[in-house]
Amino acid sequence: MAKQIQFDETARQALLRGVEQIAKAVKSTLGPAGRNVVIDKKFGSPLITKDGVTVAKEIELEDPFENMGAQLVREVSSKTNDVAGDGTTTATVLAESIYREGLRNVTAGANPISLQRGIMKAADSVVEELKKISKPVDSSKEVAQVATVSANWDAEIGNIIAEAMDKVGKDGTITVEEAKGIETTLDVVEGMQFDKGYLSPYFVTNAETMEAVLENPYILIHEKKINNLKDFLPLLEKVAKSGRPFLVIAEDIEGEALATLVVNRLRGVLNICAVKAPGFGDRRKAMMEDIAILTGGKCITEDLGIKLENVGIEDLGQAKRVVVSKDETVIVEGSAKSSDIEARISQIRRQIKDTTSDYDREKLQERLAKLAGGVAVIHVGAATETEMKEKKARVDDALHATRAAVEEGIVPGGGVALIRAQKAIDTLKLEGDEATGAQIVYRAVEAPLRQLACNAGREGALIVANVKGMKNTAEGYNVATDKYEDLLSAGVVDPTKVTRSALQNAASIAGLLLTTECVIADKPEKKSCSCGSGASDMGGMGGMGGMGMM
């Protein structure tokens, strides 16, 4: 396919037009006074959103050169969302500001490579300063504040996320689902939960709820299938003598072994329940080892060299309570040593850090959550499907922002932290175009606060000047109340990770755009005209008319 090429200033200006178009759409959503964007969908009702990355992902421009600029800024937004889960609009505002200001200097004759170096050095110094002014998240109240700000000042969402984190801990799993009603609610599953239910309904102890509830049971964790009763019988007799319930977790239980368990359950000889092990392959083995550690038992595998007929009571795990339904099993309060669980958690954390697969990372985080505390489910309710989707997106944003805050701490919100970190650029001893690049970042970090003020109908430059004149580093402009106040006390906070990621990603892409000298795109194909075939058809019809006149 033929290509079209643009060079120098023509190329950079085309990229700038694309950057400005996507930035104009995205930055209108910034802050509590930001506006909604309505996105048309081919199927179903239009999507209404205030989420920057959602808006950015929908934008595709007609001009291929302008579209390149738009897509690169979209990359800033997406990357920030992937790393921190929030701050996508801030990242877009920063990227546009750095690129526009930098392009002005390149046009005036500055060396783009030196500008890029200065931009990156200034961004790194601001990031280090942000880390210094960062404050750790210590209380549930601070978690609620972060979540409220990220959810566009929805206190209900903020409080529910804080409650969920309080119950399952910072390593616990919190999932977001659509509710059937209009209320937003929180459900918490304590203990280890996995998606495998009983192998036979005859194991049920509560006919109303169709659940098998085992109080203070012994737990067998077996890697292979159990189908030979002869090997299993010695252990069954030992457990029956103890008089305690018995949970069997194995790859599968079938044939005479399963039939014997069912008969013993029906006769009341033994309160027993059998379930399949969760997962597949190596992940199944790892999850069974997790269950063994949680319950203080052994995972009976071929590697250990222990045969089923030789398993003793001391090899079994124990728990305070086990609830098994048709589709899932929940083990509450396993009798493990806390040191063993901590060691396992540390091991999984190392695996999360080392893995390069997003899928593996997600599964490892699920395992970590199940060991660490439990699973919380936030059911998002709303009056209409459109409102529910918009609200669910805000809950997801708030959840990611809260995790980021717990990880790296918080800084004053409302764009103030970036302005307070400006002073770090003054300490850099740069010369020439590198110093110019640093000054570009110095001015760009004011852009988020300026945009917040503009969206609220205020004069951005005046607000920035007033904030810079304040002596208390936590003081700034609260857009929600239209007041200058201590933002940390007022609960206007941003996660350090979000602010840091937004600046780093914006500086990276803007620097690359500035050093662009040539852009190449596919040449659009000319649409072939179908006039010729239409004319010949008409001619044929005319001939037929002539025949009719004869």
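Just so you know, glycine gets a Cβ as well, placed from its N, Cα and C.
Database features (Swiss-Prot):
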| type | residues | note |
| --- | --- | --- |
| BINDING | 29-32, Lys50, 86-90, Gly414, 478-480, Asp494 | ATP binding site |
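A map of Swiss-Prot features onto the structure.
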{"residue": "Thr29", "record": "ATP binding site", "DSSP (3 states)": "coil"}
{"residue": "Lys50", "record": "ATP binding site", "DSSP (3 states)": "coil"}
{"residue": "Gly87", "record": "ATP binding site", "DSSP (3 states)": "coil"}
{"residue": "Gly414", "record": "ATP binding site", "DSSP (3 states)": "coil"}
{"residue": "Val479", "record": "ATP binding site", "DSSP (3 states)": "coil"}
{"residue": "Asp494", "record": "ATP binding site", "DSSP (3 states)": "strand"}
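Here the binding-site residues are Gly31, Gly87, and the one with the most other Cβ atoms within 10 Å of its Cβ is Gly87. Here the Cβ of Lys50 (ATP binding site) has 22 other Cβ atoms within 10 Å, regardless of which shown protein chain they belong to. Counting other Cβ atoms within 10 Å of each Cβ, the binding-site residues Thr29, Thr89 show the lowest value at Thr29.
Every protein chain considered, the tally of other Cβ atoms within 10 Å of the Cβ of Gly414 (ATP binding site) stands at 26. Sequence-distant neighbours of Val479 (ATP binding site): residues of the same chain at least 6 apart with a C-beta under 8 Å from its C-beta are Gly31, Pro32, Ala33, Gly414, Leu452, Ala453, Asn455, Ala456. Note: Asp494 (ATP binding site) has non-local neighbours Gly87, Val146, Val149, Ala401, Ile410, Val411, Pro412, Gly413, Gly414, Ala417, i.e. same-chain residues 6+ apart with C-beta under 8 A of its own C-beta.
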